[in-house]
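What TrEMBL says about this protein:
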type	residues	note
TRANSMEM	7-25	transmembrane segment
TRANSMEM	45-65	transmembrane segment
TRANSMEM	77-102	transmembrane segment
TRANSMEM	122-147	transmembrane segment
TRANSMEM	168-189	transmembrane segment
TRANSMEM	209-231	transmembrane segment
TRANSMEM	243-272	transmembrane segment
TRANSMEM	284-310	transmembrane segment
């Protein structure tokens, strides 16, 4: 019998799409497709180019996630090109399908087992990549709140007063940065794993930790840059506010389990941008559409082609040499920050059948 969670999370995602769709409709009912299209056409070509470059930066950093995890595993025989294609395909599909770890894990399982990795090693890789993203979100989130504690005042009237207080923002920001500092010290000093109930935090080698702290912010800065460059200069609040709003919107969208965060990302972003008139609303919707096109839809189309070509090559290789079985690389101890790699390995094997 399948786990109840396999049915619950898709239902939660569907409910999130419906609810956010309703609120999004309430926000957009005073605008029109023609107005939004005009706002898209009004974006200068050079800013579209900068948004495209930001997309390349984001996906290059995502490829670095995988490379970092492979270095953690002691795996060095897989080429950068293969890692980049696998990472690109994984994230392009999982961004559109939903936030589930397994939507990306299955693609990696198919790809990396073909290069000799075992299911346990793929589970470690997936878990470490997920934690790297989490670490970057906490780091940048804490940074934005400390640098500009007035950010939460944008949500006055929509959240309880104490949550929008700048003092609250400072406390939360410093706590987030403190978590990252603890992780850094734990890695440098090789501290024992930190246990908080069912949560377990193990510290990787300092070199791996340093790479995580570079790759994750770079990816998030690139992704936020897409929207930043697509916004008109006249109403652009600046990169720090856009980054903070993006982090909040993307995190809520992931937590909702809605496919691609559809509707959830948009309603949070529009609300936090503190719109004062319909012209601003049209411009923000246009920027979000550009973000979806560059970060979600174009990569998804390319990834489908990559998957088809990869599976075709595997099928051809299997027909040509059915007895050939790739040798697995030696497995290091399973050390995964914050996630149970053994449980993930079991899920991977079940879903791959």
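Residue 1 is the first one shown; counting continues down the chain.
Each residue, glycine too, has its Cβ placed from N, Cα and C.
Keep in mind that what you see is a predicted model, and the values were worked out from it rather than measured.
By the Cβ criterion (under 8 Å, sequence separation of 6 or more), the transmembrane segment (284-310) is not in contact with the transmembrane segment (122-147), since fewer than 3 such pairs are found. Between the transmembrane segment (45-65) and the transmembrane segment (209-231), three or more CB pairs separated by 6 or more residues in sequence fall under 8 Å, so the two stretches touch. Taking every recorded stretch in 77-102, 122-147, 209-231 and counting its Cβ pairs under 8 Å to the transmembrane segment (243-272), the highest total belongs to 77-102.
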